[in-house]
Amino acid sequence: MLINNEFNEEKIQSPQQYIWSIFKSKNIAVVSMWAVVALILIAIFCQYIMPYPPALQHPDMLLLPPYWVDGSNPAHLLGTDDLGRDTFSRLLKGIQLTLTGALLITVAISLLGLIIGSTAALLKGVKASIVHHLLDALLTIPTLLTALILIVLFGMSFENSLLAVSLSLLPQFIRGIYNCIETELNKQYVVALRLDGSTNLRLLRYGILPNIIEPIVTLLNRIFTMAVLEITTLGFLGFGANLEEIELGALIAKNLDLIYISPYLVLFPGLAIFMIIIIFNIFAEGIRHAVIEGED
Amino acid sequence: MFNYLIRRLYLLCITSIILTIIAFSIQHLTVGNTLDSNVFSQYLDYLISISQGELGVSALDNQPILKTALIAFISTLELCFFAFIFASIIGVPLGILAGLERNRGIDYSIMSIALIGLALPVFWVAIIFTMLPNLTGWVMPIDGNISVIYEVPMVTGIMLIDSLLVSEQYQLSAFYNHLVHIVLPATVLAIFLISEIIRLTRHSITMIMRSNYIKAAHTKGFSRPQIVYRHVLKNAIPPIIHQLRLQISTIISFAMAIEIVFSYQGAGMWLFVSIQQGDYLALSTAILIISGFILILSIIVDLLLVLISPTKRKVLYADQ
């Protein structure tokens, strides 16, 4: 085999490749990445993984415990609830709804927030101060209160609760982006780019955005975490989901009466929320470390 | 300093005007008022009624809604206060330790605890905590602010002081009873707060340990405790306070979710019950009270920061 090493070409890695190579070298980060992929696959192919339809009732098998406890039935891996519905299927359905909701919110907020935040940071004068004061006012309203108000205005449904959560988290993200760009604008290379005569758009694309990846990852991670927590909180309070759409918080609320008879019904959805958040947090932390090391 | 004060007060005015507009439009959209067709004059009336402290009467119990809301919100603040004290006592030393021992075993274990604390959904932890007395056999109340056998008259509105004032009748047992009722909800809120404080403290400490004056102190031959007490802590505390100031609204919204699980009579429970029974006047009142409180508190914290930290003052003078 001919080894083509005649002209010893030195390849210089692009920053993205360099960050990726650092990311690959960390075991926990790679494991969490595959866990994230697995969660997303579960959310997409939920229909095909579920052993039973989530609303199917088995009247002869009520309140079964999970398979490792005595008196369980191997047909229902994680047991059943008081109407004989399979816990595992309901859990998967709940994960699908919560995760897709949170991911949708994160994507929508990041797009909208980037546009509004960078516009606000690059503007000057009256327009900028209007945005500034409006954000200040919106930030003082607790997110749960905002979500409750929007749900009262729009009516109760899962879609509206998603809308409410995203609108209540949007000011935080805009403020975060605004602060990042504001600190970046005072640096010397931005002044140099300005002296070169670059337009605002070019300044943003080549000057600022590549340098604020790390704070953006942190912000997005925070927004995702808060989105999961708020969707489930609204579901738990009974403002989000209806009977068909059992997202994880609503699942906990529905099973709350059974907590002394079969605590697993409350334990599992909570653990599922915990796992979703912790997996995404470790993944984001891995990216953040890779970006920081790549910049050094 | 004077200029700074004026600027903050000016910001306070504009932000509170925006808040009243938001509150007014919510009230307009939910409750509605068809007496006068002109929205602008209605808004002026609304402003006048706010300045007189008359926000209307609750549809549920015909009491003035401002009084109910204030009493409920003060209970929430009591909860947040206890949780905050508890969390600072535990969180700050752990955060300092993690920041000083960066990238060692102890740092990783403390940060894992912080990560877990942040990832646990608060209402679920609250449910688990309501089960704890049953599982472990402690005698702990899990609902309400105080046992119904105590009749505490409303004097200041703050239950902590009110229950002390009836000590002639109950010999402090009402006070202890109220404290015991707060313990579990405050612990749940503190779990979230501890992990937040640990993260902030660690970040702030590591930033300062990298700076040049710490290296200079090392070369002078100071021992590590000396450096930490004289240089690190003084400079690390202001950024933590500043970051926590931005989190106040998150803390209050978590406290509201916890209250609903423990049926603790605070702002969360009051809002929840009001919305479920269709008394939407509660929404605009809640915005005025809670956001107004957060606004005023954040300005006070800003002023405090300027007073205690010379670096903030430097920025101030450069502005002029």
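If you go along the chain as it appears here, the first residue is 1 and each next one adds 1.
Glycine is treated like the rest: Cβ placed from N, Cα and C.
What TrEMBL says about this protein:
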type	residues	note
DOMAIN	B:73-305	domain 'ABC transmembrane type-1'
TRANSMEM	B:9-29	transmembrane segment
TRANSMEM	B:70-98	transmembrane segment
TRANSMEM	B:110-132	transmembrane segment
TRANSMEM	B:179-200	transmembrane segment
TRANSMEM	B:251-273	transmembrane segment
TRANSMEM	B:285-308	transmembrane segment
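Two recorded stretches are said to be in contact when at least 3 C-beta pairs lie under 8 angstroms, sequence spacing 6 or more; the transmembrane segment (B:110-132) and the transmembrane segment (B:251-273) meet this definition. Annotation: stretch B:70-98 has the most Cβ pairs under 8 Å to the transmembrane segment (B:179-200), among B:9-29, B:70-98, B:251-273, B:285-308. When Cβ-Cβ distances below 8 Å are used as the criterion, the transmembrane segment (B:70-98) is approached by residues 106-107, 110-111, 113, 145, 154, 157-160, 182, 185-187, 189-190, 193-202, 205, 228, 233, 236, 240, 251-252, 255-256, 258-259, 264-270, 289-290, 293 of the same chain, each at least six residues removed from its ends.
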